[in-house]
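To start, the structure itself, in structure tokens.
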Amino acid sequence: MTQRIVSAGFLLAAVVVLVQAYAIPQGNGYQAVGPRAFPLLVGGALAVVSVIGLVQAFRAGAGAGAQDAEAEETHWPSVLMLVAALAGYALALVPAGYWQATTVFFAVVARVLGSRKVLRDVIVGLVLALATYFLFDRLLGITLPPGLVRLAI
Amino acid sequence: MDVLGNLLDGFGHALSLQNLLLAVLGVTIGTLVGVLPGLGPATTIALLLPLTFVFEPVGAFVMFAGIYYGGMYGGSTTAILLNIPGETASIPTTMEGYPMARRGRAGAALATAAIGSFVAGTISTVVITFLAPGMSNIAKLIQPAEYFSIMVLAFVTVTSLMGDSIVRGLSSLLLGLTIGMVGIDQMTGQPRFAFGLPELYEGLSVVALAVGLFAVAEAVSTAASRHRPQQAPVTVEGRIGMTRDDWRRSWKPWLRGTAFGLPIGSLPAGGAELPTFLSYNVEKRLSRHKEEFGQGAIEGVAGPEAANNAAFSGVLVPLLTLGIPTSATASMLLIAFQIYDVQPGPRLFDQQPVLVWTLIASLYLGNVMLLVLNLPLIRVWVKLLSVPTALLTAAILTFATLGVYSISQSVFEVLIAYGFGLLGWVLHRARYPVAPLILGAVLGPLMEVQFRRALAFSEGDPSVFVTRPVSLAILLVAAACLIGPAIVRGRARASAPPPPAETP
């Protein structure tokens, strides 16, 4: 099932690539090849390959069931919670500050992945966040978002 | 062009106290991350890339060589103790190394892997030292049409060797090429595939792509399978080292493995998969202990590990002289070069002699450090295997985010990396290989440059690729590599029952 969806996705991508490539202006007459030729070539090849892939995925029929055994065992709640945690982390990084957001994110991800030792996770997350913050921000000179509370050191 | 003089110069730079410390640091962190389950060398480098940016190029590449070797060695440790290959090339190691570990011979398996890697790595580095400058002179003669054809050949061979379906490999590759085209066209200033987003004008960052496809995808995959039982690592009992009998059975496989890995890796078509599997099969055939294969034969660890390491060193030849990476790990190296605005290729040896020779000198150093540091410290590394998966995954995501953010200072890039992580996980589930995708994204822009140059010389005549004899010959070889395996597989499928589903 996964393979059918993904191969259909590839075909869709090929169509988008071709449409977008056609939209690229040909460029001026001085150049033998403008910015459009290579994208068209790649888009065309992708279309051919993805049609074959789609045909193969549907022909595989019953045989594909065994290959998808792994897919059926997917623990979707965990995946969705992880995606939510990632989105939240990226959005909170600048307003909340690097080490603050990282500590929370670390504990949340550990929880999503089945850890039940909340206190330990928070402490490990805090230590990791502060250690990387000091290493990058203070020692290596790569600025990380400080957030509201600026550390005195 | 005095090779030895240049090499000594390189050692002069690499042996400064600061660079030595960076080499030690690189090997240690490389092993530390590489040992973590599921993190192969390419992922290790993707995660550690940001750390090298703060140093000036020479220091960064010294550290990088250490990370490269450390990451590889860490990968074979996981293969032996956990039965988890970090990448395709480590599969033979799991087939013999893991059974050895279960029989209480983990110490010998780890030792033969480490010493074999050292032997293969050192021999290969010596050969590269003398081969690469010559190759670089030949490479200068290559014309755009032939350059383009060589890239096609590299793509086709790497794709047909990875994964079980050429169609899926090519799909992945072409998607990578598309990703590589996003942004402003270098020659005309025309935005392409940017969908009107100014953030995309600079192109999609290959660092975000690599971190996403390797590290984030691994974390998502862990979350998706969290209810499945975790495999406990095998404990390392007894001493780390080999008996006299182990040595007797290992040294020939090491040398044979090197003989497979180095030449195949050095071709602009190779990669590390083919030589390791070749080495495994040859050792199995030649061994006087055939009955032990599958139960933990030391030859089956010694040969493929040596082949793997030799191929990894060999891969540097096409990378440095042609600018063509032929493995996921080599793509990561190319990304590192590009971040420092250094473009590997025929002119590299002329334009950046200090950088290149220091890098080569640090390969020797990295190899020695690996042996000196890792054999005594194996027990420390093994402890890392017992870190709970939940904490490990959280840490991987933290470092992935930190890496992308510290390079780009952009939340948008972080989100792109996460997006690619999900894409990588979906592709993996549908059994599409992701290595060709990275290769396509990294090499695509260079390929387009050669494509357009060739057509500019021919005044727009597209037949230039097939009318020049050398270019035609290379393209024919590529076509044969593409169609050949399909025919073989088709015949095998017709005569045999379908193979069981491959477990990734």
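A Cβ is built for glycine as well, from the same backbone N, Cα and C atoms used for every other residue.
Some features that TrEMBL has for this protein:
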- B:20-39: transmembrane segment (TRANSMEM)
- B:20-439: domain 'DUF112' (DOMAIN)
- B:45-69: transmembrane segment (TRANSMEM)
- B:108-132: transmembrane segment (TRANSMEM)
- B:144-163: transmembrane segment (TRANSMEM)
- B:200-220: transmembrane segment (TRANSMEM)
- B:315-339: transmembrane segment (TRANSMEM)
- B:354-373: transmembrane segment (TRANSMEM)
- B:385-405: transmembrane segment (TRANSMEM)
- B:411-427: transmembrane segment (TRANSMEM)
- B:434-451: transmembrane segment (TRANSMEM)
- B:471-488: transmembrane segment (TRANSMEM)
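Outside the transmembrane segment (B:385-405), and at least 6 residues removed from its termini, the chain residues within Cβ reach (under 8 Å) are 35-37, 39, 46-51, 78, 81-82, 205, 207-208, 211-212, 215-216, 218-219, 222-223, 226, 230, 233, 411, 413-414, 417, 421. Taking residue pairs at least 6 apart in sequence, the transmembrane segment (B:20-39) and the transmembrane segment (B:315-339) share fewer than three C-beta contacts under 8 angstroms. Non-local neighbours of the transmembrane segment (B:411-427) in the same chain are 172, 199, 204-205, 208-209, 211-217, 219-221, 224, 400-401, 404-405, 433-434, 437; each lies 6+ residues outside the stretch with a CB under 8 Å from one of its CB atoms. Beyond the ends of the transmembrane segment (B:471-488), by six or more residues, the same chain brings 145-146, 148-150, 152-153, 156-157, 160, 166, 269, 464-465 to within a C-beta distance below 8 angstroms of the stretch.
Spatially, the transmembrane segment (B:434-451) is not adjacent to the transmembrane segment (B:20-39); fewer than three Cβ-Cβ distances between them are under 8 Å for residues at least 6 apart in sequence. Highest Cβ contact count with the transmembrane segment (B:108-132) among the listed stretches B:20-39, B:45-69, B:354-373 falls to B:354-373 (criterion: pairs under 8 Å).
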